[in-house]
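Inspection log for the structure reproduced underneath, given as structure tokens.
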């Protein structure tokens, strides 16, 4: 399942229908911010949990926690209750599912790892293509409570099937399999390339999640209908699927770091020069198509770049620590919302500026990473 429709559409619904202006955008966005932060906070803990209960049992327990969090969210009448159910319960469950799958999946691929990971992470985009329309229809016909309950059931079924199918590669060297079930190898933090990569990743993650939070609300402020807002979210998911696969494929041929730097830079430019002037459905859609496609590299190339820096022996530790260091980036949407509340609540310029600058800086730092790994201009990195 893709959490981006859940974040934006439900935030917009609760702002319009449940809290009706009694809760500011910063408090509402913090529901998603807190939930996403667990994707990083659970990074160092996940290998320990795997060693205690095993990967498959951990995935099963995560599925129960994630689904229960969504269903219990349907009974929330105050924002602090959403913090407990959607943010903490659903957030921890989703984080564990994501981290375990990202740790195990690269074991099966070497030559075309970028393409394989691009296809894998594109699955969330496919969910995001369908779910905005389902969620909007449920919100309008049955209300937000039943929307949460249906999402909980869908998440349980889909995640349970994935849990039963996922397994470690039998061809994985013994020392790598043992490493996956041991404590985090913190020696990766001594690698300057890894540190640079974490800085770049934080900046790109700040930029990535802000539109996911605020585009439905932006569409509503422009007078667009909830259905049009759902079309924008679905369009983002559709082109994001294509962007994830193509960026992964290009990464295999041109170098994952090279491709990522280009895609990140275009993301920043689209926010600074298209989103800032978007004042209609068409202009917002143009921004979504460009930004949605190019931002596909954020997730599709993450595993491949991490593996290129750490090597597969240290990759499980590397990806867990990388996600842990990404925790700070999850507060980007809330920070942008706070600036909006302090300036003009009807203007989304702070979000547009935050997104653009974050991506441009991330692209420049990625170029520094490329030079650190290989100073040759045309080197495949």
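Any Cβ shown, glycine's included, is placed from N, Cα and C.
Small disclaimer: the values here were computed from a predicted structure and weren't measured.
Look at TrEMBL and you will find 1-374 tagged as domain 'Major facilitator superfamily (MFS) profile'. Here TrEMBL flags 28-50, 57-76, 82-102, 114-134, 146-166, 187-210, 230-246, 253-275, 281-303, 315-333, 353-371 as transmembrane segment.
Highlighted: of the candidate stretches 57-76, 187-210, 230-246, 281-303, 57-76 has the greatest count of Cβ pairs under 8 Å to the transmembrane segment (146-166). Counting Cβ pairs under 8 Å that are 6 or more residues apart, the transmembrane segment (28-50) and the transmembrane segment (315-333) reach 3 or more and are in contact. Between the transmembrane segment (253-275) and the listed ranges 230-246, 281-303, 315-333, 353-371, the one holding the most Cβ pairs under 8 Å is 353-371. Residues 102, 105-106, 113-114, 117-118, 121-122, 124-125, 201, 204-205, 207-208, 211, 215, 218-219, 222, 224, 228, 231-232, 235-248, 251, 256, 259-260, 263-264, 266-267, 270-271, 274-275, 319, 322 of the same chain, all 6+ positions outside the transmembrane segment (281-303), place their C-beta atoms under 8 angstroms from a C-beta of that stretch. Summarising model confidence by region, the domain 'Major facilitator superfamily (MFS) profile' (1-374) averages a pLDDT of 84. Beyond the transmembrane segment (353-371), the same-chain residues lying 6 or more positions past its ends with a Cβ under 8 Å from any Cβ of the stretch are 193, 196-197, 199-201, 203-204, 206-207, 210-211, 255, 257-258, 260-262, 264-265, 267-272, 275-276, 332, 335-336, 339, 379, 381.
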